[in-house]
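K.L.:
Dropping a structure here in structure tokens format, bear with me for questions.
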Amino acid sequence: MVMRMLAGLILARRNLRKRFGQLSVLFLLLTLTSGLIYSALLVIFTYGSHFDRLATETKAQSAYRVVWPEQADVAENSIAQDARVQGHELVAVKGGRGSIRFGSHDFDGLILLQDRDEEAQFGHPRKVREAPTSYESPVWVPLSFETQGGYELGDEIKVDFSEREYVFQIQGFVEVVHGGSGSFFLWIGGEQFRQLEGLTELRIVQAVGADSIEVDRALEEALDGAGLAWNNLQDVKENLLIGARLVAALMVGLAVLLVGISFVLARFVMKSLILEDSAAIGVLRASGYTSGMVMRQLSFSYVLLAFVAAVAGMLGSIALFGRLESLLSSQSGLNWKGAIVPWLVGVVLLSTVVIFAFTAMGAAIGLRRVGVVELLRGRGRLNVRRWRGGSRLSRSLLPLSMAMGFRMARQHVAQNIVVGVTAVTLSFSAAFILCLATGVSDRENVLNRINGDLPDVRMALNESVDMADIQKSVLSMSGVSNVLLTHSEVQETDSGRILFQVTEDPGDYRFNPVYEGDLPREADEIVVGHGLAAKEGLRPGDIHTVSLGGVTSNYRVTGIATGMRFAGVFVILTGDAYRRLQPEFQYSSLSVYLVDPAESGKYIGELSNVFKEKIRTLIDVRSGIEVELSTYLDRLPALVFGMVILAMFMVALVIVLIVSAMISKLRLELGVKKALGFTQGNLMKQVEFAFLPVVFGSTLLGTGLAVVLASPLFEFLLGLTGIRGFPLNPPVPWIAFLGAGICGFAWLVTWAVGQRMRGIVPRELLTE
């Protein structure tokens, strides 16, 4: 039995030795695939748990708001008596509207400085890295300042407030659950904090509880809606997981693409093996080996290859951890680290081995239908139709080299299928990524599609002021194009929590977020977000019933709106429509639209000076959102470049594999052709016409499919996040240039590999 098993390993050894090039390509594909899948699974299964662990260890606040000191003092007693709040505290901070360089953007908005020496009860920043030497004006900043902002330990960081400019040196980076991009909390020493001058003294009211949503609501009620609120702990986690899942989905998609190519290539290599080694297989069968035993021996090399490649891929994925950690940290501010997780290693290893063992067995299943005599005669073709007769070259109207090339192509159908599948899938993927990059290059459109209508500045005003009077005053300022009375709040309804966006006339929006239907105009009309429409099954023309605080009102749905805000669970309505639910409703803020959005920082300063006593908060809306969005958009060029390089590399790799194998197999035939007078140029043309038409046609098909399907596919993917009405306009010239590049590179590789035919000497073949 043992001797029979050892003898059976002859096929595996021959396979590994004779097909080193083919198996090397498979090894590379499997290594890349297993590394990508492991990294994606690592993000999916460990990123959320890291957030939970950090929140527990740092006693993260469930919700918090920044308010004036007197507002915090008045509300503290009410917060302490609320059963939904298990603990709370007031933290003194200083700050105001300021400007700070962050990556390739200048952030203009609220910047807060906190006393690092004050031992807060909740939300302790956890140290990630610290400079070995102490600086004169040290500051500790969120980790996103390093991963996205481009800062390093010891760098100067300038904070330009309207009153004066402060210059600090980065002493260390810290990790907090609320420290993602757009979070501008800075920590400085106690003595330095007390010496800050010209800044506004504020209070952070932070609280913890079992349900962060209820805690957030408790703070809102106690403060009567005052103050600037950040997302509660649950919303922060959900937003971070969305970004992490998008990254993981991209890696899984690329891995699936590589798996498909590996599957086709593995079947081709296995069938080629059986065809070329049919005599050896026949000897084993004649010696008493069953078809199943031979199939298992043939599959052994694949199992061994898959095992080693999976291990190498997961170990190699460690090299990807740095970039993956940087990407996720720039979005979240979390110090998540990639690691080798034993059970994940086992899952990836087992699945890779099992899949490719079954792939090899499936490709060799045809051995059961081939007799021993046929195998001994070298006839090991499995399910391959023979081309009988072929074309009569003497009657062909084509040039001789072209006709012989097409005849060679018919003799290598399986190889051409592998080349075609590879070229189609990779050219489609590269062209789709190119469409994506060009489609989101218009940041204005991206901002509006993600957030809906986006003002340049939002002014939250005190309740005692005359909103209409201030609206007129702001509108009269030079450079202001429009000012709208607005109000935004989350309310608990019978349908769950809904974000209400109230505007005096939504028709005055600069950007219309409705992708189906129209904006509301009357008091009985409403627009619903995509998430709410999907949840309730609403379409334009339907009647939507809203119950709020015991008051019920029916609205006619006039349209469905795009936007990720509050996961698409929002409504847009006029002030008169909202008063049907809240009779005492009054607008709370102004949305200011500028002629030149780039000058928002200048106008924030002017508005602050003119209406200082009447303003509750003043926010540069675009600046903060652009900083967050740049986390992804700034990396798109690298993604496009990487995908194009991968497409060219993989197509070239498959061509090298197949053309070199064909030259080795047809060495005698090519030598005879040389003896008959065919030149190197004639033979090169035959090889080119045998494979390049398939490459050209497949690339044309792949890029053509990308042009046709890019927009609907992009719409479908974005629709899962609540973004609709964002069609892509494929850049046909650039896609054509991409296809030409792939085809040109394929021709160059074919020409380079074909130079091996120069070494074929007819005289030497006669002596072999």
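Cβ coordinates come from backbone N, Cα and C, glycine included.
Sharing the record's features from TrEMBL:
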- 246-266: transmembrane segment (TRANSMEM)
- 254-369: domain 'ABC3 transporter permease C-terminal' (DOMAIN)
- 300-321: transmembrane segment (TRANSMEM)
- 341-367: transmembrane segment (TRANSMEM)
- 417-440: transmembrane segment (TRANSMEM)
- 638-663: transmembrane segment (TRANSMEM)
- 643-758: domain 'ABC3 transporter permease C-terminal' (DOMAIN)
- 689-714: transmembrane segment (TRANSMEM)
- 734-753: transmembrane segment (TRANSMEM)
K.L.:
Checking distant contacts: for the transmembrane segment (734-753), what same-chain residues at least six beyond its ends satisfy Cβ-Cβ under 8 A?
P.N.:
423, 426-427, 430-431, 434-435, 438, 644, 647-648, 651-652, 655-656, 659-660, 663, 684, 687-688, 691-692, 695-696, 699-700, 702-703, 706-707
K.L.:
Tally of helix, strand and coil residues over the domain 'ABC3 transporter permease C-terminal' (643-758) according to DSSP?
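P.N.:
Across the domain 'ABC3 transporter permease C-terminal' (643-758), the residues distribute as 99 helix, 0 strand, 17 coil.
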K.L.:
How does the model score the domain 'ABC3 transporter permease C-terminal' (254-369) in terms of mean pLDDT?
P.N.:
75
